[in-house]
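A.B. asks: Sharing a structure, written as structure tokens. Questions coming.
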Amino acid sequence: RALRLAGGRSRCEGRVELEQEGTWGTVCDDGWDIPDADVVCRQLRCGHAVRAHGSAAFGRGHGPILRDEVGCQGHERHLWECPAALEHDCSHKEDAGVVCSEHQEWRLSGGRDGCAGRVEVFFRGTWSTVCNSTWYQTEATVLCRTLGCGDVLQRPSFGHTLPGKMVYLCGSLQPSLAQCRWAFNKSAPCYQSWAAGVVCNGTGS
């Protein structure tokens, strides 16, 4: 009875998929809400839910639809402990999804396009800036490649104006910044830092 999120940008975001008797299936979005999504996030050690999505927001799944009208209170340890209808009148265009607090995604803002600007990270339900105290070529390269923006041209600095601060330290070129060492809202690594920026050599939409 495994559980996973599919179609998202990290293991902590995506379409909810359950395994039953060796077959993966999905959950219908009828009645799907934050308490249901919370149980999924906690079960996957992804924190808490910041969004509960319906209407196949992460693409349509395959296989059987294994749950409908899920009614978690929010404290259950596993999704299959929650009351649910096993019969359904759903199609995969109603597949349920979730974004958990430990999911990280990034954007560059204020530049000429999506491949240049101030580095902003969505984490625990809010957009924050990144400290430039350890924002070196490796970290910037990881981000440019993650965003499909090629390689690094420059690393400009900006002011911090968002609520949180994240710091990254990559020992090597990881697939994403989330797989580097990171710390959120710790004052010491960000002391007297500026907000990190990057100009990549590719162009974004």
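Cβ coordinates are placed from backbone N, Cα and C, and glycine is handled just like the others.
Residues or ranges marked as domain 'SRCR' in TrEMBL: 3-101, 106-201. Feature annotation from TrEMBL assigns disulfide bond to Cys72-Cys82, Cys170-Cys180.
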A.B. asks: Let me know the model's mean pLDDT on the domain 'SRCR' (3-101).
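C.D. replies: Here the predicted model's pLDDT, averaged over the domain 'SRCR' (3-101), is 96.
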A.B. asks: Mind tallying the domain 'SRCR' (106-201) by DSSP state, helix then strand then coil?
C.D. replies: 20 helix, 39 strand, 37 coil
A.B. asks: Do me a favour and check the Cα-Cα span between Cys82 (disulfide bond) and Cys170 (disulfide bond); whole Å is fine.
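C.D. replies: Distance (Cα to Cα, whole Å): 40 Å.
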A.B. asks: Let's check the environment of Cys170 (disulfide bond): how many other CB atoms sit within 10 Å of its CB?
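C.D. replies: So the Cβ neighbour count for Cys170 (disulfide bond) comes to 21.
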